[in-house]
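Here's the structure we're looking at; comments come further down.
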Amino acid sequence: MHPLFLLSLLLLSCSASALQDDYCVADLKGANTPSGYQCKDPSTVTVDDFVFSGLGVAGNTSNLIKASVTPAFVAQFAGTNGLGISAARLDLAPGGVVPLHTHPAASELLIVVQGSICAGFITSGSNKVFYKTLKKGDTMLFPQGLLHFQINAGGTNAVALVSFSSPNPGLQITAFALFANSLPSPTVEKVTFLDDYEVKKLKGVLGGTN
């Protein structure tokens with residue numbers, strides 16, 4: 001490579017770095033792309049863009065799974081944009097469960113702060129299962145993209161704080177993906193090995209059609 005051309009690239013790189021801010025608070029009025037949101041006008045950024053208070057409030061667990069997840073992802077916490085981090089609060093009432101699900105874009109770290117939670121994940125190659133009942137203060141890691149779950153393991157409310165390695169980790173709950181859609185029941189039966197009665201029953205519970 002010609003020395004002058006190499007020097008030009010180096011100078012351009014240094015100039016670009018000098019122009020970059022230490023952060024890129026999301027402009028939530030724009031589109032969310034695979035590389036994140038565009039940066040908010042720096043003149044409009046305030047300290048509140050770097051503060052999120054929602055994790056101090058218990059979620060509503062009056063639902064089918066008796067669980068609630070309060071996200072602090074980029075859509076709720078614009079300051080996480082581009083930083084490779086986000087968080088959430090998990091509330092589990094007695095009998096509550098977060099069914100098998102994946103986060104396609106992030107690994108997860110869960111810290112139990114109240115009660116006890118049985119949690120685990122399944123590997124993608126050998127289908128090996130790692131699970132354990134966690135008590136207050138315990139932390140568990142869930143590798144990116146793997147199926148995992150959390151179940152209240154006690155008779156009282158359980159709470160966990162969760163961090164993710166992406167500002168937008170994504171979420172797909174397996175049961176809802178299979179039975180809360182419009183995929184024809186005969187097709188679902190073939191890909192799940194379930195009979196017609198079970199498929200239609202689950203579609204009825206989770207709001208699927210066909």
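Every residue, even glycine, has its Cβ placed from backbone N, Cα and C.
Close to His103 (Mn(2+) binding site) in the fold, though at least 6 residues off in sequence, lie Phe142, Gln144, Gly145, Phe164, Ser166, Pro169, Gly170, Leu171, each with a CB less than 8 Å from its CB. Summarising the annotation, TrEMBL assigns Mn(2+) binding site to His101, His103, Glu108, His148.
Residues annotated as oxalate binding site in TrEMBL: His103, Glu108.
Neighbour density for Cys39 (disulfide bond): within 10 A of its CB lie 18 other CB atoms from the protein chains shown. According to TrEMBL, the disulfide bond annotation covers Cys24-Cys39.
Secondary structure of the domain 'Cupin type-1' (53-200) per DSSP (helix as H, G, I; strand as E, B; remaining residues coil): 25 helix, 57 strand, 66 coil. Feature annotation from TrEMBL assigns domain 'Cupin type-1' to 53-200.
The signal peptide annotation in TrEMBL covers 1-18.
Looking at Cys24 (disulfide bond) and Glu108 (Mn(2+) binding site), their Cα atoms lie 23 Å from each other. Cβ neighbour density within 10 Å is lowest for His101 among the binding-site residues His101, His148.
In sequence order, Thr102, Phe121, Phe142, Leu146, Leu147, Pro169, Leu171 are the residues of the same chain, not among His101, His103, Glu108, His148, whose CB sits within 8 A of the CB centroid for the Mn(2+) site.
Per-residue confidence over the domain 'Cupin type-1' (53-200) averages 95 (mean pLDDT, predicted model). Separating the Cα atoms of Cys39 (disulfide bond) and His101 (Mn(2+) binding site) is a whole-number distance of 31 Å.
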